[in-house]
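Below is one structure, written out as structure tokens; comments come after it.
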Amino acid sequence: DVVETQEHYKSRWRSIWIMYLTMFLSSVGFSIVIMSVWPYLQEIDPTADASFLGWIIASYSIGQMVASPLFGLWSNYRPRREPLVISTAISVAANCLYAYVHVPHSHNKYYMLIARALVGFGAGNVAVVRSYIAGATSLTERTSAMANTSACQAVGFILGPVFQTCFTLIGEEGITWKLIHLQLNMYTAPVLFGALLGIINIILIFVIFREHRVDDMGRQCKSVNFEEGTEGEEGGGLDQITEGNIDHVAVVAINFLFFVILFVFAVFETIATPLTMDMYSWTRKEAVFYNGIILSVVGIESVIVFMVVKMLAKKTGERAILHGGLLIVLVGFFILLPWGKKLPNIQWQEIKNNSIPRTTPTEMLMPVWGLQAMQPQSNHTAEPVGCPVTQSWCLNTPVIYLAQYISSDILIGLGYPVCNVMSYTLYSKILGPKPQGVYMGWLTASGSGARILGPVFVSQIYTHLGPRWAFSLICGVVVVSLLLLEIVYKRLIAFSVRYGRMQE
């Protein structure tokens, strides 16, 4: 066995911290525009409808789904610096493209689609990040490292909407540099900031990141990327460690569970802005601002959960915590179902909605807590607000009170991070000490597939059938995932435990 030196230990964890940063920036690239995509899309291309919004959100995940297995395979046989730098550079270029989608005179929505797809393609480096951390940590370090990785991802989801909320101060007009056709406003400033962060990440990868690998018991291995039998003593030494077959039933089950987890969270993210605009008669700017605040608080909650779950997993194990997380998500979506008799305000486009009262967040809470409702104020804005009459369900579906919406946010913000980190941790332990680039690529691709189908599903079901159908179907999907977890529960154990090399 090769004893790990203090210098090797420090270098290994510095490299892992660079991977944390890369994960953080990947999630920022997604969340920094998630609240403003819909109003920006409406501004640059009036022909775009709510259904096309689903494709815009999904395009990010299509790019990531295609790229993840490719980058994972690349990282198994070449230095990981290569796919990391190339993928980040693609994201930087794509963010710059997004800032210019207003320039063409037609088909602007398709340029936005391409830009988001390329940002997602660059985010395929998540597979490289996860596989590196799995290979650079021992079994006892793995849960904590995966929790930290997911925490960095959650912080990215927190700060993305926070950045977006801060940039709303620039306004929709902002500043224009005619020489380079650049509009710096509340929609473009966040992506340009994301591009700057990507450039900083590339520099840090070159300066600090190094290749490291340890086995499940923490023993130092000579190289990260190897082909068994081609590296002399290294290939021979690792044959004994990696001997044994991976439990592919457990692998497929985790892929499915991870798909469900990402699916329901993608639904939650995508529907936030349209739902609040329909239910509470918020304007585009108000929806971006208020949802940015709400999701930021939920993100802070998620980071706290990641820190707590590391300690809790040592006592109860990852499987039990995953089970509890899914139950919490189920309750969160059940609460979101419409109840009561009050209907949302209707957007009558013929009269520009001038006589229809708008409801502020404070007023929405009052009927829930039994307080006297304030007198409605007339809406004098030129922007039509309320639930569009073109969505026929608006005429007969009860309003979802703000208290329901916030309660659901809190529960989903609790259950999702638990499920996310436990899925990755169990998956990496099931795979064992073999190179995990391709497998992590498939897991990331399954999550990306969920991010594709989730927004498309909810935009179609929500637009045509309404929130009652959309959230009921989500509850059904979570119930199926809980049943699957019960079936494969005993198979979700670490590779080294399965072959008797370590005790659980």
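Placed from the backbone N, Cα and C atoms, the Cβ positions cover glycine too.
Under the heading domain 'Major facilitator superfamily (MFS) profile', TrEMBL lists 15-493. What TrEMBL lists as transmembrane segment is 17-40, 52-72, 84-101, 113-133, 154-171, 191-209, 249-268, 288-309, 321-340, 405-427, 439-463, 469-489.
Here the listed stretches are 52-72, 154-171, 191-209, 321-340, 469-489, and the one with the most C-beta pairs under 8 angstroms to the transmembrane segment (405-427) is 321-340. Among 52-72, 249-268, 321-340, 52-72 has the largest number of CB pairs under 8 A with the transmembrane segment (439-463).
Between the transmembrane segment (113-133) and the transmembrane segment (17-40), the number of CB pairs under 8 angstroms, six or more residues apart, is three or more, so the stretches are in contact.
Most Cβ pairs within less than 8 Å of the transmembrane segment (191-209), among stretches 52-72, 84-101, 154-171, belong to 84-101.
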